[in-house]
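J.: Structure in structure tokens, see below.
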């Protein structure tokens, strides 16, 4: 709901409710005034007629009677005027009171809004205290025992209501918004009883082998460990950057003139930025690339889908504390991340459009996968919060199987823009489709609500095959971990209050596919950068002259020289505007001469119609890494 847009219509409706009766009273008063004029007109005519009768020679008693009638007519006219004046006084009084009523209503509305905001802040503080309590080292054992006790109680409750094994895990799944309840299961028991299972989604627990499954090794590698015998030891990279300066800034003085405008068109000081560009933030999605390396080893397409789903969620883990805005890339700006010898992949991003801002991204991994995307960021400032809507599809193809996955990102919302502590939420749904096997995964990102009992930042979903049969249940949070549970049986449960029949999934114990890496020490003073993010802007040799690492305003900001960074940022933006004006002039000149004007042509990408989605998308055309080997950057423009 758009809170900033709700208040004005409510005020208008209140005004209309108050002004409606006043308009009715005014119209009635006008009617009375018209009647008064008619009474005065006819009264005057009556008095004239009576005066004429008095002048006639009539008997004495007739003259007295005519005189009495004349006096009564005069009194009637005076009374009518008095009534009209009283009505006018009543209308004036009603108008004065209406303004008082409006003030009282406005005061009550403001009090209600303050109360709602106070409750929201209290709920957030309560939630943060709960999370801090759960994360306290001294309470770890107590928490574990409480958790096991709670699970046991749910098991016994389930056992009383059903003939199924009481250690079986159940998920309560709704069609539109999956909601799951889990109870620890015994895999050995299910191996024995697997042949007795039947139903719409019957599975074989033997497939869920604890020793052989790819899932078992899904959480055993960390960012600091080297995997793959064909890769060189990792190069030692920096583990910290200069601490963020403590500069104060009046946010409202800048934002009050920006409401409703496109965020990319607002001149922002670097005080609101972090020392990374949008191209580097896009590259940061690869922090958990090992999920895709493991997905290559999966023989089952639905099992592979689980890893792809976990990878799609993992890209949001870095955003939970990252409330600062990345630098808007300049047109033609690039960013490379060459980790081919260390991690097995190399990545290239390029800003291919400025209005609207669009970035193309291509990643090749020698471990058997390729990822590419073109992302356009649409963002709106709504007064209380900022909505960031990534547009464009993400493509992932595995070389050996040919499985081609496509999905889109959800909406990110930055809350408390004006007052309070900034916090970020992710909401919406992701549909991941394997266009070769037609497998699907529906993931739902539940928006935060202080009225909800759900775990904050909750993500749930179901992996199903081409026939719609569910195979796995995905559950977790986008800031911590994702788990996968194999479905061995499904059945139709009770009908919900909305009239929809729920599906109950009987599953084996969950496997953790992805868990967030802990933040580096002192991260709160380094923009909450992850271990990978700290290395993204580290100076490197032999990169293209358009690389984000060479952007001077970003480098000055990282060094803590914010005033100089603001001056440099304005210079670069003005330089870019001059280039755009020159390009627009060339377009007009070509139009006058009847020639075609191609406009800006990306350096390393080209626009093609995607065979899967049918959309026009920028794809890598090659040449960058060859140019790097030769150090031939002649095609690169001077943008810095």
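Placed from the backbone N, Cα and C atoms, the Cβ positions cover glycine too.
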J.: Pick from 185-240, 241-296: which range does TrEMBL record as region 'Disordered'?
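T.: Going through 185-240, 241-296 one by one, TrEMBL gives region 'Disordered' for 185-240.
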J.: Select from 1-22, 23-44 the stretch of residues annotated by TrEMBL as region 'Disordered'.
T.: 1-22
J.: From the ranges 99-133, 134-168, 309-343, pick the one that TrEMBL records as region 'Disordered'.
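T.: That would be 134-168, per the region 'Disordered' entry in TrEMBL.
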